Structures are given as C-alpha cells and as structure tokens.
Ligand code: PGA
C-alpha cells in the first residue's frame, strides 16, 4: 500500500487528478470509478482545471458510480447520479452516455445490483477507483462488518452515516434514505488501481485502522491491504494517528507509483 501524506486537501486533490490525467493520456477511454461526499471535490476541481487548460482530454473518459441511495428519484438533486452529473461529468465535458451507475429506483433492487456488477465487468472493469472513507471506516456504503468478498447489493445505513450525510438534506436526518445500493468490497477490489483520499482529523482513526490495523470487516477500508495497487492519500490531520507516518513521508512523498495501473 502506498501512503502519501500531503500538506492539505487541495494538494491531495491535485495529486490524484494528475494520476487520473496520466491514466487518460495512456488510455483515453479509461473507466474512472468516482465517489461522492465532500472529500473528493478537490480532485474533481483539479481535473476539471486540467481539462480547461488543455493539459488533458477527458472527452472519451467513462465514469462509473460507486453507490446510490435507494428510492430517491434519479433527478433528485441529492441522488448520487445528480451529484456526479453536477460535480464530475459536466465540469469534465463527459456526457451521460458515458456514465454507468446502479438503478436506485428499480422495482427489483437485487436484480439491479447484479446487473450493475455485470455491466462493470462487461465494460472491462474499473481502471482507477477513487474512494473516500467514512468515520467508521466504510468505503462506498459498505458499513462495518460488510463481507470483504461482498458484491454490489442493498445495504442499510448506520445511524452514524445518516447523521454524517444529513448536511446534504438541509440538516434533516429524516430525509436521508435508510437504504443504498453499493458496490461490494469484492467488487471494489476488482478495480485495477484503488485511490483512497482522506482529509481532516475526523478521519484519523479510520485511516490508522485502514493502514496499520488488521484486515478486518469491522473496518471495511482495511480490505485495501489485500489489493496489489492501493494508494492512500492523506493530509497531515488525517495522518495524525499513523505510527509509521515518518516512514511513509520518507518513502512515498510525491513519488507514488502511479505507473503501476
Ligand atoms: P465525506 O464522506 O467525504 O463527505 O467525508 C466520505 C464517505 O462517507 O465515504
């Protein structure tokens, strides 16, 4: 696992956007797995800036969704499909025809989950999957004690995650759906390169458990230890509980092995 400690969220965003840009230069139709939440926003801003300045062409990129609320209409402003259209596709100039995501409004939710796993495989698999991390160590919406081999499926959110996400619903937890579709941990591990970004002190415990704890379902992100190419980008605050922080600084600062995709 590469652990890259950066001074702040903005530099983390720039570093990961550069990794995505390098990937798109090598493979213009790469399938980028994207995440929602506040943490990835600096990545999308930096990548959109690279597109605007002509440093990279994202017009042939394909975008895959990590998770989705169940029951929110696709055009609801907080459905993850809407969020990603707003924050990723439109700024990059990528059309919805290049977007893949699970159908959170399907009558047969389990069928929709299986269909999404198949669609990802048929598309050739995700080249680079960007991940955030929950304060409880979740990735996607794989809450603690999710099977490390899980596939895309319906999950019930923990109360903590609904509290964390209420800020996107006018602070009203009652509006936060209880159920979601999420790529499973086994699905996520099939991406060729996993890049997890964590910023802020609130993520420090989850980051320490992910990087230095045992591989354990109680911290779903610790499954990254099983992946041959996982990169964890953290700011100083999120790195503050890492015992090996000095080693990581010495080994990986600004020279992660982005070429191993
Ligand atoms: P956040 O969410 O980036 O808004 O903190 C991360 C997550 O829940 O995966």
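Sequential numbering from 1, following the chain as shown.
Including glycine, each Cβ sits where the backbone N, Cα and C put it.
Lifted from TrEMBL, the feature list:
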ACT_SITE  67  active site, proton acceptor
ACT_SITE  136  active site, for ring-opening step
ACT_SITE  138  active site, proton acceptor
ACT_SITE  143  active site, for ring-opening step
DOMAIN    11-225  domain 'Glucosamine/galactosamine-6-phosphate isomerase'
SITE      146  site 'Part of the allosteric site'
SITE      153  site 'Part of the allosteric site'
SITE      155  site 'Part of the allosteric site'
SITE      156  site 'Part of the allosteric site'
Residue 146 (site 'Part of the allosteric site') in three-state DSSP notation: coil
Spatial neighbours of residue 143 (active site, for ring-opening step) among the recorded positions 67, 153, 155, 156 [C-alpha, 10 Å]: 155, 156
Residue 67 (active site, proton acceptor) and residue 136 (active site, for ring-opening step), Cα-Cα, nearest whole angstrom: 17
Among 146, 156, the most crowded of the recorded sites [Cβ within 10 Å]: 146
Most Cβ neighbours inside 10 Å, all chains, among the recorded positions 138, 153, 155: 138
Which of 67, 136, 143, the listed active-site residues, has fewest other Cβ atoms within 10 Å: 136
Residue 138 (active site, proton acceptor) versus residue 153 (site 'Part of the allosteric site') - Cα distance in angstrom: 15
Segment confidence, the domain 'Glucosamine/galactosamine-6-phosphate isomerase' (11-225), expressed as mean pLDDT: 96
